[in-house]
Amino acid sequence: MADKKRIDAETGTETTGHNWDGIEELNTPLPRWWLWTFYATCVWGVIYVILYPAWPLVSGATPGIFGYSTRGEVAAEIDRVALSNAELTQSLERIDLAVLEENEVLHRFAVAAGASVFRNNCSQCHGAGAAGVQAAGYPNLLDDDWLWGGQIEEIALTVRHGIRNEADPDAHWSQMPAFDDMLDDAEITALVNQVRWMGGLEAEPDPAGAALFADNCAACHGDNGIGNREIGAPNLTDAIWLYGGTPEEVEHTIRYSRFGVMPPWGERLDEAEIRAVSAYVHGLGGGERPVADPADAAPVEVPEATYPASAEETPKEAGEPPVRPVPTE
Ligand code: HEC
Ligand code: HEC
């Protein structure tokens, strides 16, 4: 195969000496422009390695003499935004939540900040659109049905301490008994009918069920079943179910009870974040107003806004809240 190199007579170019069945390969030089571009990229590569992070190491990469990093850039950007919002954040920490809504600038800031706190911390349970997950007992936060109270301060309390968790001694606490051992099957069936009838579902009113309800359930759920927010006992007369209203679901709740747990956020979020996410949840549609006159509350100075207005203030993508039928309160 390998032959001697020689000058090809036809083209005047040197051959490589490779020869296949009489076909020889010419050793044509690379075009100048290509060669110089190639050298230029080599030089650029060396300069880049010296200036910028390049070679991967065990943790991180060689820093380069500019010390540039995309992470550093993000951190600087976050610091810049935090600084520009520092005054608003401080006002949010101090303001009486009852009058937050009246401070339009601060309220807008809180709702926008709260939306991102919600996305990062709450959406895994309550859903991205806050519509909840009934199968898991994560309540819908879009409706005006509240277990523990829908005023912004009540929401902030729930968020700060959580519900039925061991971590926070101030968590909301209550426990529905499991009636599996206490009542027989016929009694439980009667109660399922009674509960479904109270909730406006297709079920026969049942005198036995009504009597059992008065004896066993009314202490927490109220004589008419409208619930009790002091202990987070759900209203059973609306069409909104925390765990579901089918006969099977209601029976499961009565037999075994449920015990919904929410973690406390007082440790994990700072004061401004708790207040912001409470303002966000309050603004989702079901927020309640205090009965007392909020004009008595101490005023708080609110600085000029320097942040960009957010388009995410009232996400309603999870659809309309369920319709309440005939409220019997
Ligand atoms: C691990 C799951 C989980 C996470 C995460 C979670 N929650 Fe909850 N949340 C629950 C459960 C369960 C309940 C209902 C408990 C009950 O039965 O009373 C609840 C109830 C609530 C309530 C009371 C609703 C009412 O009707 O009174 C509010 C308000 C609330 N959550 C807000 C939040 C916010 C804000 C966050 C994020 C900072 C959050 N939750 C994160 C599980 C969670
Ligand atoms: C000690 C108070 C207490 C008693 C007594 C009690 N409950 Fe409850 N009940 C609760 C609480 C609190 C919840 C919220 C569930 C949870 O997350 O643990 C609840 C939830 C429910 C639910 C779920 C509602 C939904 O929206 O999915 C039903 C149904 C129910 N109770 C029916 C009954 C019936 C029927 C009785 C009587 C046999 C009864 N309860 C007795 C406190 C009580």
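Yeah, the Cβs are placed from backbone N, Cα and C, and that goes for glycine too.
All TrEMBL annotations are machine predictions without curation.
For the heme c 2 site, TrEMBL gives CYS217, CYS220, HIS221; the one candidate out of MET176, MET262 that the record lists there too is MET176.
Residue counts for the domain 'Cytochrome c' (109-199) under DSSP (helix as H, G, I; strand as E, B; rest coil) come to 44 helix, 5 strand, 42 coil. Taking the mean position of the Cβ atoms of MET176, CYS217, CYS220, HIS221 as the heme c 2 site, the remaining same-chain residues with a Cβ inside 8 Å of that point are ASN216, ALA218, ALA219, ALA233. Secondary structure of the domain 'Cytochrome c' (204-285) per DSSP (helix as H, G, I; strand as E, B; remaining residues coil): 39 helix, 3 strand, 40 coil. Counting residues 6+ beyond its ends, the transmembrane segment (33-55) has Cβ neighbours under 8 Å at 61-66, 68-69 in the same chain. Taking the Cα of MET176 (heme c 2 binding site) as the reference point, the closest of the binding-site residues CYS122, HIS126, MET262 is MET262. For the binding site of heme c 1, formed by CYS122, CYS125, HIS126, MET262 according to the record, the largest Cα to Cα distance is 10 Å, rounded to a whole number.
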